[in-house]
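**Student:** Here it is, the structure, as structure tokens.
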Amino acid sequence: MKDITLPPPTSASCLTGAISVNTEAVLSPMQHTSALHVRDFASLCSQNLKANVLLNSDDHEVPIHQKNPAAIMQNIDSNIKQMATDWGMSIEEVEVIIGREKGIVEPSCGVTANAIMKLFLDKDGFSYCFENEQTLSLEQLQERLSCMPECKSFVLRVNDGALGHAYIVDIPKGENSCRPAFLYQSDLGEGVTRKLRFEDWMTHKALTPILLDDICNYFSCMSQNKTDLEQIATLFDIDGNVKMLRKENIQYQKHDNFSFQLFEYDTDNIEKNIEIIKSLCS
């Protein structure tokens with residue numbers, strides 16, 4: 001088994017801005033089934049009210065495939081009616097205020113990240129809950145990645161203090177010397193990067209693989225307070241457009257404030273969950 005080497009990058013590697021996607025070494029966009037399942041989930045959540053409430057549900061003690069979207073919707077409607085009564089407003093006015101116009105709610109980055117983790121990991125007897133899971137530092141993550149089995153797939157949840165952002169890195173099985181990865185995210189546009197719908201990212205960019213080394217290089221650069229806007233734009237902007245970044249919003253005092261959660265996953269489990277969700281939301 002080959003190990004992936006993750007030494008601290010030199011200042012030159014941090015400042016070149018080069019994110020080198022070797023298309024011969026990584027998966028082509030349509031070969032990674034997990035990415036396709038996440039794309040289908042994002043599309044469903046943008047169009048179907050039941051799926052959207054599953055995406056935004058904060059009851060993480062219940063596995064995503066065991067939730068009752070109809071019951072959740074009924075509770076939401078009851079709460080909105082009560083708010084309308086308490087505030088002396090119409091239901092429509094309340095929905096505008098809380099961002100629930102037409103029922104579809106665009107999730108924050110953290111909500112999206114949590115929902116994707118549940119899609120990957122939830123099964124009978126286990127329900128992913130961000131607050132309850134082990135958190136790794138960058139050094140601990142690097143150690144784990146250095147001995148990651150090539151025959152297994154992993155999902156990584158990232159809390160990125162510098163960007164004020166949370167996102168998912170999907171690491172399918174593959175040779176560690178050129179291990180592919182896929183980045184999943186949404187963004188309300190309140191930080192460094194612009195507003196981004198979950199479905200738009202999954203449709204237009206998420207199926208294009210990056211190298212795991214490249215995202216790890218980003219972690220290392222930011223932890224050394226070496227900010228490369230081209231690197232950030234290449235990874236996180238839907239068009240790779242540096243001009244769309246708001247550099248003034250980078251939290252430099254939090255440049256090393258990364259936390260990670262890393263889990264092995266089974267692609268069959270994702271497929272099972274997405275099929276159940278589609279059935280629940282039909």
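Cβ atoms are placed via backbone N, Cα and C, with glycine included.
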**Student:** If I go by Swiss-Prot, the feature region 'Translocation domain (TD)' sits on one of 1-16, 33-48, 193-208, 257-272. Which?
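**Tutor:** Of 1-16, 33-48, 193-208, 257-272, Swiss-Prot gives region 'Translocation domain (TD)' for 1-16.
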**Student:** Using Cβ atoms only, which residues of the same chain lie under 8 Å from Gln185 (active site) while being at least 6 residues apart in sequence?
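**Tutor:** Expected: Cys109, Thr112, Ala113, His165, Ala166, Tyr167, Ile168, Leu196, Phe198, Trp201, Phe236.
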**Student:** Going by DSSP, give the three-state secondary structure for Gln185 (active site).
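**Tutor:** Coil, per DSSP.
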**Student:** Through the lens of DSSP with three states only, how would you label His165 (active site)?
**Tutor:** strand
**Student:** Please give me the CB contact count at 10 A for Cys109 (active site), counting all chains in the structure.
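**Tutor:** Other Cβ atoms found within 10 Å: 25.
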